[in-house]
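The domain 'Cytochrome c' feature in TrEMBL is assigned to A:49-128, A:143-221. Residues or ranges marked as heme c 1 binding site by TrEMBL: A:Cys62, A:Cys65, A:His66. Summarising the annotation, TrEMBL assigns heme c 2 binding site to A:Cys156, A:Cys159, A:His160. Residues annotated as transmembrane segment in TrEMBL: A:241-260.
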Amino acid sequence: MARTSKKANRRHPLATVVLIAIGLAFTGGGYALFSSTATADTSTATSQATVEEGSKLFAANCATCHGMNLEGTTAGPSLLGVGAASVDFQVGTGRMPLAMQGPQAMQKPVQFTEEQTAALSAYVASLSPGPSIPTDSQLTENGNATNGGELFRINCAMCHNVAGAGGALTEGKFAPELTGVESKYIYEAMLTGPQNMPVFNDHNITPEDKRDIITYLKYIQNNPSPGGFELGNLGPVAEGLFIWIFGIGAVVALTVWLTAKSN
Amino acid sequence: MAHDDTSGTDVAAFSSGADGVSNSAGRAVEPSAASGGLAVITSDALADPGVPPHRKRVTDLDPKKARTAQRTVYTLFYLSIAGSIFAVAAYMAFPINADDPGSVRLNTVFLGLGITLALMGIGIGAVHWAKSLMHDEEGVDIRHPVRSSDDTRARAVEIFHEGNVESGIGRRSLIRNSLIGALVAFPLPAVILFRGLGPQNENPAELLSHTMWKAGARLTLDPSGLPIKAADVTIGSAFHIIPEGLNDAHDRLEQKAKAAVLLMRVNPSDLNVSAGRENWNYDGIVAYSKICTHVGCPVALFEQQTHHLLCPCHQSTFDVDNECAVIFGPAKRALPQLPITVDGEGYLIAQSDFLEPVGPSFWERS
């Protein structure tokens, strides 16, 4: 009796996992179907209404710095040719609209809904051509993580840290950490070079290579470090501080205990 | 307690009660018996305060406490046994699976915990045992002189003298000198063999002064080695460049360490080009050595708005607009520029090698 109940217990978690997987597959599949049909519907009807909407939003929220016709002012750069991808990145991650002038635009709570962001992107893209928002097929995370890792170390790691933990630049600027960033925004950042990040166009890092880099980033994000605690992946500073405080602290405490007379 | 033969009265034990006077060991300390060595004795020295009165431990006074301490010690030793067994069990229960980095983590964490428990159990148990239960006596060993007795010293000189007379090494100079010669010559093969492991017929200064770049060599992408068209380098781009053919070189890494280049494109009007370098860039596309002139770290942190290049090691900052002049940090020289142009097919090529040695200074650098 006890054996059977034990067996039943053992099966339970597996059954739950299978059930969850089936449920996820259904809802995910359903959502994918729904969203693809939805975009198919809107893309045909999109254009004019969305661009109109984007134009109004732009005039109300962006034109003060970027000019009524995207020509730029002393307070902000021209947006001619930046493309939908750039707008989607800057607005979608909450960097724009800017709260204040500073060394670099900080990430803030996102100010616009997805529809508004899409409208703004469509409006800016309608005035001058530029990189477009990557499609879902470009963002699959099933690329070659080994190749992505090599490309990441050559092109990205010097600023963003080899584990994507971010790092300091000059005069208060910094390269942000890449863990937890949506694949779409990583792709758009490479494509458009936001702020002080250089541009990595499709001739430099091909769309397949970009997919591999995203795969690598997601791989190191989803797999625990074999070495144990990462301590923020910041390298010798964090690790040195840890050893100084806890390692040497333990040695001092043990030494005090060793030499103290027993009461 | 080990007694010393030469100074006789240098050991005393203090295990008395609260009165602080040595009585159980039977002999008081006699500091005058030991040599003061080189210590300077000042006339107004403070009197030796002596040893503080002996304080008994709770385990000496209370048998109950002693039993508790005993229990603690053997519990720690049993814990150590448990830790060792746990480590063996963890090694088997959490095997390392090559496909799962997380398994390495589990394996090392539990194995480490087990071994830590095993070692710490023995160590802490032994120290606690010694501190709370072992005999509580304080002893003093007085330092004895290092100098041997005169008899021993005279005998040593005599032995050397006898050796000289018996072997005749002082008298038979031909034998002595040929032996010295043989001993000097013996390590020579080792020196030559070890020298043979190093580079041959190479002048390090010459090697450091030249890279793989030569006239007409295409600029290719790191790591794929694909050539780059000038039209593909958009403004604000940063390309990591290796010379054409580097991936096929037998000494690929040595060559890459010198020839690595960062290619950037800025607005041509932003560039302040000095005389003689007018045709080194191509429509705002510039190529600079990636090896820092300070101590050779790869300088590749390109800020595309400020056009500054930052070295991550010591924060040397170079201004791409002014031919990578140093604007901050410990570097003393600008990054060497690689003169580039395009070939007939539109691919970027080098006009020549760097016109100065890349990387940090060395003695022979002019």
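Even glycines carry a Cβ here, placed using N, Cα and C.
Where the annotation comes from TrEMBL, it is an automatic prediction and has not been curated.
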Length of the line joining the Cα atoms of A:His160 (heme c 2 binding site) and A:His66 (heme c 1 binding site), in Å: 28
Additional residues around heme c 2, ordered along the sequence, whose Cβ is within 8 Å of the centroid of A:Cys156, A:Cys159, A:His160: A:Phe152, A:Asn155, A:Ala157, A:Met158, A:Asn161, A:Gly164, A:Gly166, A:Gly167, A:Ala175, A:Leu178
Intermolecular Cβ proximity, binding-site residues A:Cys65, A:His66, A:Cys156, A:His160 versus chain B, under 8 Å: none
DSSP helix/strand/coil residue counts for the domain 'Cytochrome c' (A:143-221): 40 helix, 5 strand, 34 coil
All-chain count of other Cβ atoms within 10 Å of A:Cys62 (heme c 1 binding site): 24
Non-site residues, in chain order, whose CB comes within 8 A of the mean position of the CB atoms of A:Cys62, A:Cys65, A:His66 at heme c 1: A:Phe58, A:Asn61, A:Ala63, A:Thr64, A:Gly67, A:Gly72, A:Thr73, A:Ala75, A:Gly76, A:Leu79, A:Met96, A:Pro97
Integer Cα-Cα distance in angstrom, A:His66 (heme c 1 binding site) to A:Cys156 (heme c 2 binding site): 29
Cα separation, A:Cys159 (heme c 2 binding site) to A:Cys62 (heme c 1 binding site) (Å, whole number): 29
Spatial separation of A:Cys65 (heme c 1 binding site) from A:Cys159 (heme c 2 binding site) - C-alpha basis, Å: 28
A:Cys62 (heme c 1 binding site) - helix vs strand vs coil (DSSP): coil
